[in-house]
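Feature annotations, reproduced from TrEMBL:
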type     : residues  : note
TRANSMEM : A:12-30   : transmembrane segment
TRANSMEM : A:42-61   : transmembrane segment
TRANSMEM : A:90-108  : transmembrane segment
TRANSMEM : A:114-135 : transmembrane segment
TRANSMEM : A:142-165 : transmembrane segment
TRANSMEM : A:192-209 : transmembrane segment
TRANSMEM : A:221-242 : transmembrane segment
TRANSMEM : A:271-291 : transmembrane segment
TRANSMEM : A:303-324 : transmembrane segment
TRANSMEM : A:336-356 : transmembrane segment
Amino acid sequence: MNATANASITKTQLFFLIVKTQIGIGLLSLPSDIQHSAKGDSWLSVLLAGAVIQLLLLIYWRLLKKFQGANLSQIIVSLLGRYAGKALNLIYYVFFILIAAYASTLYVQLIRTWMLALTPGWMLFLLIIGTSLYLACDNLRVIARFFVLASMLFIVLVLISFLTFSHETHLAYVLPLGQSGISPILEGSERTFFSMLGFEVSLYFVAQVQGERSGGIGVMSLSNVFVTIFYTYFVFICQIGLSPGALTQVNEPVLYILKGLSYQLFDRIDLIFLTIWIIPMTATLVCYLAIAGKSLTVKQPSYRKLVVFSAITVFACGWILSAQENLDVFSKWLEYSYLIMIAAVPLLLLLTSFLVKPNKKVEAT
Amino acid sequence: MFNVKRKSHMPKQAAIPAVQLKPTDLEQQIVQIQQYMSHTEDLKVQKLSLHGHLYAVMHIEALAMLETIQTNVIEPLVTANEGHLGQVLHSAEAKQSSNLVHIGQYLLDGYCLIIKEHEAAAMLLPAAQVHGRSIQEPKDEQVVKGSHDGFIEGINTNLYLLRNRLKNPDLTVKYFRLGSLTNTRVAMVFMAHIADPKLVAECEKRLNAIDLEYLNSVGNLDEMLEEHPLSPFPQTLKTERPDRAASYLLEGKIALMVDGTPSVLILPITFFSFYQSPDDYNSRWITGSFFRVIRLISFILAICLPAIYIATVSYHSEVLPIGILYSVKVSLTYVPLPPILEAFVMQTILELLKEAAIRLPAPIAQTIGIVGGLVIGTAVVEAKLVSHTMIVVIGLTAIASFVTPINEFGTSLRILGFPMMLAAACFGFFGIAIILMLIFIHLCKLETLGIPYFAPFGPFHGKENFKDVFLRLPLWMTNKSSQSPSYGLVKQTLFGRWKRP
C-alpha cells in the first residue's frame, strides 16, 4: 500500500464522490428552511442554487485546467509561494474541520431527535467519526469504491419517496409559479446553497481522475445536475405533501412526510429512510476528512496521521459545539466565511493565475 | 503489503551442505546411506553379485512396490551382460546422483536405489506405490446437476483431473517443496496466457518466502499467504471440485495444491465468487439467476436478521404495525431474558448442535436432531425461556448462512452476526447501519494480490462485468475473460451460437 496516495479514480467514481458529499444532512431540513422565505416557490430556489453552483464549478474547472494534475492545495502553493500558500492551506484545513464538526453536530442532533433520545452524544460522535475515520484514512480509490457501492441506496431512497404519493397531494400548494417574487426566491436559494455544499471537493479530487482531463467539467456538471434534481424532487414532494403552514412548523419535513405512512407489514417508513440516510451523512464526513488531509499533505503516511488527528479534532469540536445552546450565530458565521473560501478565493486564485507566472515546480508539502 | 521475513530467499536444498556418496567399498557405501536414513529398519538392502561386481539394491519397504523392483531392476541386472549401470537399467524418470541429500529425497519418494561398488554415482529408479482414495464427489460441495468428481489426496491425481478438463498447452504447473520437516509437495497451477504475469510472480514470491516447519494442509498455506489475517472474510477459496477449480483457472486465477489435501486453494478471489456454484452454470440461466439472487438475499439475512429483530423489539417497536406488534410482544411478555441475551443463547445453542452433529456417526447424529428440534425448539418456547419469534428468526438466520455454496463463508457470516446483534442492542437501527457500513467499507478496503475483493463493485468496470454477479446471464451474452488489457473482453455472442431464426 505504498505510493498509492495519488491512486487514480475513474470518472464514474468522481461523479459519485461529488454526489455523495453534496447529498447529506442538509436535505432533510431544507424544505422547511426555504419555506420561511420562498414559500411556494421553494423548488425554484433549489434550481437557482444549482445554477449558481454550476457557475462556481466553471470557475473551478478553469482553475484546475490551468494546473493539470494538481489539486487546490498544490495550486495555492505554486501560485502564492511556499509560506503564504501553506498559510492559506492551513486556513482551508481549519474550515474543512469546522464544517465536518458542524455537520457531525447536526447529524448527532438529528439522530438524538429521531432515533436515540437517551444515548449520550459523545457515544454517537465516537461511532460516526470512528466509522468515517476507518474509511477516510485509506486512499481515495477505496473511498470511491465504497461511495459507488453506497450510491445504490439512492435508488432505494427514491423508491421509498414514491410512497408519499399515496398521501393526499396538493399541487395547488406550489401554484401559482413565482408567487413570492424574486427576492424571496433568491433568499431561499441562499439557504439551499449552504445545504448543497460539498461540490468543492472536486477541487481536490479532479486532480486524481485518470484518463484525459477534458471530461472533468462534464462529470462535475452532471453531478451538479443530478444533485439539483434530487434536491428539487425532495423539496417538491414536501411542498405538495405538506401544507405551507405545517411545512414551517416541522424541522425535518422530508422525514415527516414519511412518518404518516402505514402499511400492513411495517409502519414508520421515516425510521427506515433515516437508517439508510445515515450512510450519505457519514459519507459527507468522510469526504471532508479526506480533503482536510489532502489540503495539507500529499504523501500517504503523513496523510493517514493527519486524518487521524483531524478526526480527533472533529470529535472535540463536535462535542464542544453540541454543548452550545444555540448554534445559529456560529453557523451563520461559519457559512458566510466558508462561502468566501470556496467562492471568492478560487476566483481570486484564477485571476492571480493570469497575472503570475506559476512556479513550475509544485512543491510537495 | 506482505510481511516477508527474509528479504532474499535461498532455496532450502542449497542451505544443506551436499554430502557425496564415497566411491568405496560397497559395505561402507551402504552404511553411509543407512546412516543418512537414521538406520531405519524399513530401508531394505539386497546385495547382488553379478559379473564379478557387487551391487546393492535399496528401497524403503513401505513406499516402494516390490513387483516393480523385481521387473525393472533385478531382472535386467541379472540378465544383462556387463555394462554401465545406466545402460542396463532403463526407466522413465530414472535418475543418477551421488548427492546423499538427493538420494535420501528420492528414497523417500519411493524410488529404488542401486549402487555399484567403487562408484559414486548411484542409480535411482521410480518404484513408488500409490494408494489413493478413489475419486468421489466432495461431501461439502455437492451439486444437483453437473460432474460428480472431486479432488483426492494425491497431487498427481488432482493434476490429472485438471489436465483432463483443460486440454490446453497454456496450463502451467510449478512445483515447490514447503515445510522444512515435512517436505510437502506443493503445486501452483495457472493458465499461462490468461493469468496476469505480475500476479503469478507475486504468488511465487510469497510461496518462496514461506518458512514453515510443517505444512499439513492448504489451510496452513492459506494462513501464510493471506494479506489480512484480521479480516473475518476468507480471502482465498478452498474447493474440492475440479470443475470449479478449472473454471477459476480460465478466469486467470491461480490454484495451489498441497500433497495430502483434497482441497485446492484458489487465489485471488472476490466476494461474489463465494456466491457462485457450478449448479448455476449447469442449469438454464433463469434458474441459475434465481438461485444467485436467493443466495445474495441470504447474505443480508444471515448478518442482519437477528439484529433487525433485536433493534425492532427493543428500540423501534413503532416500526411494526399494531397487528404484528401484538403477536410479537405477546410472545415476549413472559420471557425473562432481554432480546440480545435471548439471541446470543439461541445462536450458541445452534452452534453447539451443529458442532455436535457434524462429527458424529449418522445414527447418533439423528438423536441430536431430535434433541435439537424437539427439546430445544419446542420445550424452550413452552418453558417461556425464549420467544417464538426469536426461534423463527434464529432458524431463518442459520438456514440463510448455510445457503452459501462455500461453507467456510457461511461461518464467517454467522460470526459477523454477533457484533451486529450487539450494536443493534446498544444503538438500534443506527447501530445496524454503522456496523453494516463498517462491513462494507472493510469489503471495499480488502485487496488480495492487488485485486479488489469486492470487484466488480470495487473499481466500477462498467456493466459488462455485472453479467455474472447478481444474475447469471446466458453464456452467449457474457464475455470471454482475459486479463491482458490489450486483448480486452471478447464477447462470446453471435458466432458462438446458432443463429436464431
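Every residue gets a Cβ built from N, Cα and C, even glycine.
Segment contact is absent for the transmembrane segment (A:221-242) and the transmembrane segment (A:271-291), given fewer than three CB pairs below 8 angstroms at sequence separation of 6 or more. Outside the transmembrane segment (A:271-291), and at least 6 residues removed from its termini, the chain residues within Cβ reach (under 8 Å) are 17, 20-25, 28, 96-97, 99-100, 103-104, 107, 110-111, 114-115, 128-129, 131-133, 135-136, 140, 143, 146-147, 150, 153-154, 156-157, 160, 198, 200-201, 203-205, 254-255, 258, 307, 310-311, 314.
Beyond the ends of the transmembrane segment (A:192-209), by six or more residues, the same chain brings 6-11, 14, 17-18, 21-27, 29-30, 33-34, 45-46, 48-50, 52-53, 56-57, 60, 63-64, 69-74, 99, 140, 216, 219-220, 223-224, 227-228, 231, 284, 287-288, 290-291, 294-295, 335, 338-339, 342, 346 to within a C-beta distance below 8 angstroms of the stretch. Counting C-beta pairs under 8 angstroms (sequence separation of 6 or more), the transmembrane segment (A:90-108) fails to reach the transmembrane segment (A:142-165), with fewer than 3 such pairs. Scored on C-beta pairs under 8 angstroms, the neighbour of the transmembrane segment (A:142-165) with the top count among A:12-30, A:42-61, A:114-135, A:303-324 is A:12-30. The transmembrane segment (A:336-356) shares more Cβ pairs under 8 Å with A:42-61 than with any other stretch in the list A:42-61, A:114-135, A:303-324. A Cβ distance under 8 Å defines the sequence-distant neighbours of the transmembrane segment (A:114-135), meaning residues of its chain 6+ beyond its ends; these are 104, 107-108, 142-143, 146, 252, 255, 270-271, 274, 282, 285-286, 289, 307-308, 311, 314-315, 318-319, 322. Below 8 angstroms of C-beta separation, residues 5, 93, 96-98, 100-102, 104-105, 108-109, 121-122, 125-126, 129-130, 132-133, 136-137, 285, 289-290, 292-294, 296-297, 330 of the same chain, each at least six residues beyond the ends of the transmembrane segment (A:303-324), sit close to that stretch.
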